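**Q** Grabbed the feature section from TrEMBL, which reads as follows:
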- Lys94: active site, proton donor/acceptor (ACT_SITE)
- Gly192, Leu193, Gly194, His195, Val196, Gly197: NAD(+) binding site (BINDING)
Amino acid sequence: MNAPSRTAPISTQGMTAFDHPEFSGHEQVVFAHDRETGLRAILCVHDSRLGPALGGCRIWPYATTEDALRDALRLSRGMTYKNALAGLDLGGGKAVIIADPRKDKTPALMRAFGRHVARMNGSYITAEDVGVSAEDMEDVARETAHVRGTRATGLGDPSPYTALGVFAGIRAALAHVNGTDSLSGCTVSVQGLGHVGFDVARQLKAAGARLIVSDIHQPAVDRAVAELEAVAVSPAEAHAVEADVYAPCALGAVLNAVTIPQIKAKIVAGAANNQLATPADGQALKDRGILYAPDYAINAGGVISIALATPGGDDALVREKTLAIGTTLTRIFQRAEAEGLTPETVADRLAEERLAAAGK
Ligand code: NAD
């Protein structure tokens, strides 16, 4: 058999990895298979200029290999920016396993994935993501040391750190707009009262804010009303209420052509990933004079806790780096204003500048 040409592309249903619209200079794209378990995974290292690539492993029943590749490449590049902006000495990467987490996930599958992570010899460090539990990561850790968020290396659930960073970010946004970060007398609409959202609401209340809350899960709403004296609205109204801050802590794409004209708050700052439906929506917020805290900047507390957790459980460094999210956002807001740019454009530039400096 002839050896494949050195430049032969990896083909995925007509699309090649090298020519893929989301390829964006990836350093490694590994298609991993395990004969025994049927594991099919894609492990990506986007950029290692700042250090080994840290990014979670997602298990999802992708309809096609192309769907899985697109998601892996997009998420992996996103981690490069998130880790760089969070001040971590870590690059960006991601893994996806093509499987249904409810039907196909077994300890053997996770161990097979762990063996492939081990083969990457530390260029990629894995962690939890959608479809993967802390228990699953313990199975992965039986095969490789290149895993974070386990009992041995982690501080446990990253959500409290994500919430701490979001709270710091809301204060930074208030300081930029009002000249003071005081929450006293401010009204915040918290959309989504899950692991992160409820904790954000609790901290806001303790700092003197009035809360408007919404969730599709009624018990979470009832709890916030009872414990935090919050006023409940329907999730569909959360963005449009009279408030100083709108904090999306549930789903992505909540900032779009329909919602943006209805927002009354002067600040949008929350934990949800991928809040802007399209890049044009960032410009639309700016045009309306609404200050937007870029999602990947404000919600980095979780990845900071995973990256910097120490076996002893001392979280002083994690808290320090997480609270620094407020300082980073202040820099972003000031530069955006000075240069007439959107905050998310400035966030990308700050990350790119750090990467370029590391590459020299
Ligand atoms: P979660 O699943 O614990 O909570 C999400 C909450 O949103 C749930 O209570 C759910 O009922 C509610 N919800 C779902 N659809 C809704 C809707 N249409 N309107 C209102 N509420 C709705 O998730 P989480 O860990 O709290 O994460 C929240 C968001 O923050 C997600 O977008 C997540 O990707 C992002 N995020 C989380 C972390 C973390 O450390 N957990 C880190 C970074 C980003």
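Any Cβ shown, glycine's included, is placed from N, Cα and C.
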**Q** Drop a 10 Å sphere on every Cβ of the binding-site residues Gly192, Gly194, Gly197 and tell me which sphere holds the fewest other Cβ atoms.
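**A** Each of the binding-site residues Gly192, Gly194, Gly197 was scored by Cβ atoms within 10 Å; lowest is Gly194.
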**Q** Compile a sequence-ordered list of residues in the same chain as the residue listed as 'active site, proton donor/acceptor', six or more apart from it, whose Cβ lies below 8 A from its Cβ; state 'none' when nothing qualifies.
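**A** Non-local contacts for the residue listed as 'active site, proton donor/acceptor': Cys44, His46, Gly55, Gly56, Cys57, Arg58, Ala72, Leu75, Ser76, Gly78, Met79, Asp129.
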**Q** Counting every protein chain present, what is the number of Cβ atoms, excluding its own, within 10 Å of the Cβ of Leu193 (NAD(+) binding site)?
**A** 29
**Q** Which residue among the binding-site residues His195, Val196 has the fewest other Cβ atoms within 10 Å of its Cβ, if you could check?
**A** His195
**Q** Does DSSP put Lys94 (active site, proton donor/acceptor) in a helix, in a strand, or in coil?
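**A** Assignment for Lys94 (active site, proton donor/acceptor) reads strand.
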**Q** Report the residues of the chain - excluding Gly192, Leu193, Gly194, His195, Val196, Gly197 - with C-beta within 8 Å of the mean position of the site's C-beta atoms, for the recorded NAD(+) site, in sequence order.
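**A** Surrounding the site, in chain order, are Ser159, Val190, Phe198, Asp199, Val200, Asp215, Ala220, Cys249, Ala250, Ala271.
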